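Data first, discussion second: the structure below is written as structure tokens.
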Amino acid sequence: MKDKYGREIDYLRISLTDKCNLRCAYCMEKDHNDFIHNDKLMTLDEILRVVKECASIGIKKVRLTGGEPLVREGVVDLIKNINKIPEIEEICLTTNGILLGDKVKELSENGLKRVNISLDTLKEDRFKEITRIGTLDKVLYSIEKCLENNVKVKINTIILEDFNKDEILDLINLAYKNPIDLRFIELMPIGEGKKFKGVTNSEILEIIKKEKKVLSDGKTLRLNGPAKYISIEGFKGKIGFISAMSDCFCEDCNRIRVTPEGFMKQCLHWKYGINLRDKMRNGISDEELREIIKKSIYEKPEKHNFKMKEKDEDKRFMYEIGG
């Protein structure tokens, strides 16, 4: 369905949990352990109910996020049941990759088509530094197993000043021999991210252009999402740029989000939305739930305003909202 600005909203992102098995420095405090109680999370049945009603009004793609979605029990069955909904054309997962390698075969067999894996460095010492407790080999193993099981892979990378800027060319080489898309995502000033200085995608592109033959400039190659892609001579995969800060893409936004506790967010930046979990637990019918979702989608804000401090901005961290 369309929102009031005429944008076709066909993509639902649902966060299964705020829990994570890493503590990435720009996302979560090192000693954080105060997570949403299980009884406050949407149950898997409630999640499935939301997906069904969203599908009935035009949602075609579902992405499961977190936190780290694979720390939530029952993910395989949830994907299996979502895959039975006729209107849903694609089920995707955003993950840090630590637990994915040993689960991807079963996930794929039950309907998972794509994964986005967060990876900011190819150096073990830096990986430990940024994630605090992670193991790089597990992520690389997960990428390998995804390719073996025909699950399409996108790598999400954040470049930070004075941390991994010198690895840009090494990182894009992941897309050289493999059909992997690597996307550079500009750091957004949410939660712990406000403490770091990110590198703009225009600067990253210039670094790439100095060393590689770019076949397309990315100005028009946008494929059903916020990323603009370039092709590099000899590369099997593409290089993408998600420039939320320097190149606002809100006019093409096609998504709606639901947090772990069932709050349907109209926009990542703003605090507007409605708690679907509470409505369901208060006994509303499927038809009433559908109408609430339709109204929330229709009232989606025109754009974010991350560059300005606003009284109505969402103060929560990314892992609480759903990355």
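Even glycines carry a Cβ here, placed using N, Cα and C.
Record features, source Swiss-Prot:
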BINDING   Arg13, Arg63, Thr94, Lys154, Arg255, Ile256, Arg257  GTP binding site
BINDING   Cys20, Cys24, Cys27  [4Fe-4S] cluster 1 binding site
BINDING   Tyr26, Gly67, Ser118, Met188  S-adenosyl-L-methionine binding site
BINDING   Cys250, Cys253, Cys267  [4Fe-4S] cluster 2 binding site
DOMAIN    4-233  domain 'Radical SAM core'
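Feature annotations (Swiss-Prot) mapped to structure.
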residue : record                               : Cβ contacts under 8 Å, 6 or more apart
Cys24   : [4Fe-4S] cluster 1 binding site      : Asn96, Ser118, Ile130, Thr131, Arg132
Tyr26   : S-adenosyl-L-methionine binding site : Ile130, Ile158, Leu160, Leu187, Glu192, Gly193, Lys195, Phe196
Cys253  : [4Fe-4S] cluster 2 binding site      : Arg7, Pro226, Cys267, Lys300
Arg255  : GTP binding site                     : Ile9, Tyr11, Leu12, Arg13
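It is 19 Å from the Cα atom of Met188 (S-adenosyl-L-methionine binding site) to that of Cys20 ([4Fe-4S] cluster 1 binding site). Other Cβ atoms within 10 Å of the Cβ of Cys20 ([4Fe-4S] cluster 1 binding site), summed over all protein chains shown, number 23. Of all Cβ atoms in the shown protein chains, 20 besides its own fall within 10 Å of the Cβ of Met188 (S-adenosyl-L-methionine binding site). In sequence order, the binding-site residues near Cys20 ([4Fe-4S] cluster 1 binding site) (Cα within 10 Å of its Cα) are Gly67, drawn from Gly67, Thr94, Cys250, Ile256, Arg257.
For Cys27 ([4Fe-4S] cluster 1 binding site), the spatially nearest entry among the binding-site residues Arg63, Gly67, Lys154, Cys250, Ile256 is Gly67, judged by CA separation. Of all the binding-site residues given, namely Thr94, Lys154, Cys250, Ile256, Arg257, those whose Cα is no farther than the 10 Å limit from the Cα of Gly67 (S-adenosyl-L-methionine binding site) are Thr94.
Long-range Cβ neighbours of Lys154 (GTP binding site) (same chain, at least 6 residues apart, Cβ-Cβ under 8 Å): Arg114, Val115, Asn116, Ile117, Ile180, Asp181, Leu182, Arg183, Gly240. Under a cutoff of 8 A between CB atoms, and with a sequence separation of 6+ in the same chain, the neighbours of Arg63 (GTP binding site) are Tyr11, Leu12, Arg13, Ile14, Ile91, Cys92, Leu93, Thr94, Asn116. Averaged across the domain 'Radical SAM core' (4-233), pLDDT for the predicted model comes to 95.
The number of other CB atoms found within 10 A of the CB of Ile256 (GTP binding site), across every protein chain shown, is 23. In this view, Arg13 (GTP binding site) is surrounded by 21 other Cβ atoms within 10 Å of its Cβ, with every protein chain counted. Under the DSSP three-state reduction, Cys250 ([4Fe-4S] cluster 2 binding site) is assigned to helix. Just so you know, the Cβ of Thr94 (GTP binding site) picks up 22 other Cβ atoms within 10 Å once every protein chain is counted. Under the DSSP three-state reduction, Arg255 (GTP binding site) is assigned to strand.
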